[in-house]
Amino acid sequence: MPNFTANIAFLFPELPFLDRIAAAKTAGFDKVECHYPYEFSIEVLRERLERAEVQLTGLNTEQGDPARGERGRAAVPGLEAQFRRDFDQALAYATALGASVIHVMAGVASPEERAAARKTYVSNLRAAARSAASVGVTLLLEPLNSRDAHGYLVSRSDDLAEIIAEIGEPNVKLLFDVYHVQIMEGDLIRRIERHRGIIGHVQVAGVPSRAEPDDDNEVNFSAVFRALEAIGYQGLVGLEYRPRGDTVDGLGWMDRMGVRP
């Protein structure tokens, strides 16, 4: 059975962010992940996690200003120092709160900028990976679909696999988000098999709605979960979807699929 972590950036949107930690526990989850927790101090987050007896499993580096189209700085030439500050902040939160993975946001690049952006991305990630390795943290790189994240540096898992090989650090892994991969590439089960050696985390959401991964979407998630089991995947599966209504009511898909924690 998949080992789930609840993404509280998307789940329980009816609640203030900090209250989502306890809500996840009440709903049956003892692990959560999030995107950008940096408006709260480490001390406040630690107290909420410990009180609820919930483990934080992962977080993202800052994306910048989304109103200006920013989606990270790891691949933006000229912003190397800002990326290092972003990364140091994420690593400090991860190590203090016990999170074992950091999703490093790449950023956007025009077609003319892509070669330079890729070079910057690889260089920044090599240095960041070595820092993360010293404290046992894995870096995750995720392809984002071009429909939702126009201009993002990497939108295909196959391309990102090449970049991970070029970086050449063992603690840099692929975040295989079924939602993004299905939109851009499809052929999910073969891609799970192809990338089996580099998948460090999985996220799920229905396609095309990005709602619950239930029967009302184009992906057979039971088959996806079986494929992950078949390759011996031992990592977490993040529930990064936007509930159609009440989060807890929407968890019925887990019962129907036989994967309720």
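Each Cβ is built from the backbone N, Cα and C atoms, and glycine gets one as well.
Pulled from TrEMBL:
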| type | residues | note |
| --- | --- | --- |
| ACT_SITE | GLU142 | active site, proton donor/acceptor |
| ACT_SITE | GLU240 | active site, proton donor/acceptor |
| DOMAIN | 21-256 | domain 'Xylose isomerase-like TIM barrel' |
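Across the structure, GLU142 (active site, proton donor/acceptor) and GLU240 (active site, proton donor/acceptor) place their CA atoms 13 angstrom apart. With the fewest other Cβ atoms inside 10 Å of its Cβ, the least crowded of the active-site residues GLU142, GLU240 in this structure is GLU142. The average pLDDT computed over the domain 'Xylose isomerase-like TIM barrel' (21-256) stands at 97.
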